[in-house]
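Here's the structure we're looking at; comments come further down.
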Amino acid sequence: MSRLPSLTGLRFAAAFGVFGLHAYSFVKLADPVAGRGAQLLFDAGDLGVSFFFVLSGFVLTWSARPDRGPLRFWQGRVARIYPAYLVALALAVASLYVTHRIPPIFWEPLGAAAVLLHGWYTQDFVYLGVNPVGWSLSCEMFFYLCFPLLHALLRRLGPATLYPLAVALIALTWAWPWIAEVAVVPEHERWFVYVFPVTRMTEFTLGIVLARLVMLDAWRGPGLRVATAVFVVNYLAVGWLPAVTRDTAAAVVGTALLIPAAAMADLRGERSPWRHPFVVHLGEVSYCFFLVHLTVIVTAAELLDLRGPWALWPALGIAAVLLLVSYALAYALHRCVEVPGMRALNRRIPRPARSLSNT
């Protein structure tokens, strides 16, 4: 299948939204007007995780190879995410020691995080323990486990079924918060809606469905400019939406339009800012950036007392330095761990021999 560089570029946009949320949460602004502006821009930054989940389903479907069985697929995904994840986890542990923030209950969260099972724990001291952004990788591992079966089932469906299924998945994403209010004890509602891998599977499956529509040349959504505008309006309107929808469902409609639109722009050779080489480079580093940025922010905030409140320009300067340090660390992790680790682990299991029908 054709490469879709715009989707790689969009990965960094999503990661930057998460960074903005965390930087804004730790580096406080003294000016209430500037604070309100930062809140408008970044308060919904955690929706970048929802974007990642939809994008993950789309990209895995787009790149799926019929000659690659489940074992080979799972090996490839572990090679892709696990080495860098473990190093980032070790950096987070080092940060806890350096900043004297070792929690009273430490080994259980660390053990769960090390094997990517912390998303299945209802206690926030576990799923947010050690490296708080890591819970999303627990979801991703569950998605990878289910993908071969999901893909085999959904690739049999035609557009007449895929479109209603996409609408149903969007509706279910919106419904989870209200289901949680009825069926889940209050102290576990946020976990159920935001962290639980089974509920987040809705967004991943939506990505698979959207990819199949594009692959079948059946996508009839708006172009990239309109889809981007819808997403931006959708994102900025989060503050006026019901609180229970803000962490997951708030931008799913915009996401479901933007990802296929960016893919179609690449396929048609249309202009796309997300295809710029530097933006694509940032997208390639975005996974490692996502893993380390919060460790950088928290460590700096604790050691250098950066919480403020700050005037606007000093706050922007601090945020810029945190961004650059996070990028530098992410780039080193990408080049020294992620890429070599992926190559090394992928060499351990030989590729299946091609049959004559595939030659």
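Including glycine, each Cβ sits where the backbone N, Cα and C put it.
The average pLDDT for the domain 'Acyltransferase 3' (6-331) in the predicted structure is 93. The domain 'Acyltransferase 3' annotation in TrEMBL covers 6-331.
Per TrEMBL, the feature transmembrane segment maps to 12-29 (among others).
The transmembrane segment annotation in TrEMBL covers 41-62 (among others).
Marked as transmembrane segment by TrEMBL: 82-98 (among others).
The feature transmembrane segment is assigned by TrEMBL to 133-154 (among others).
Residues annotated as transmembrane segment in TrEMBL: 161-179 (among others).
Marked as transmembrane segment by TrEMBL: 191-211 (among others).
Taken from TrEMBL, the feature transmembrane segment covers 223-243 (among others). Residues 6, 39-40, 43-44, 47, 177, 250-251, 253-255, 257-258, 260-262, 264-265, 270, 272 of the same chain lie 6 or more positions beyond the ends of the transmembrane segment (223-243) yet place their CB under 8 Å from a CB of it.
Sequence annotations record features per position, and here TrEMBL assigns transmembrane segment to 249-267 (among others).
The transmembrane segment feature in TrEMBL is assigned to 279-304 (among others).
What TrEMBL lists as transmembrane segment is 310-333 (among others).
For the transmembrane segment (249-267), the partner stretch with the highest count of Cβ pairs under 8 angstroms, out of 41-62, 82-98, 161-179, 310-333, is 41-62.
Same-chain residues lying 6+ beyond the ends of the transmembrane segment (310-333) with a Cβ under 8 Å from its Cβ atoms: 19, 23, 27-31, 34, 84, 87-88, 91, 282, 285-286, 288-289, 291-293, 296-297, 300. Remote same-chain partners of the transmembrane segment (133-154), defined as residues 6 or more beyond its termini with a Cβ less than 8 Å from a stretch Cβ, comprise 18, 49, 52-53, 56-57, 60-61, 64, 69-70, 73-74, 77, 81, 85, 88-89, 92, 113, 116-120, 127, 162, 165, 195, 197-198, 200-201, 204-205, 208-209, 212, 290-291, 293-294. The stretch from 12-29, 41-62, 161-179, 191-211, 279-304 with the most CB pairs below 8 A to the transmembrane segment (82-98) is 279-304.
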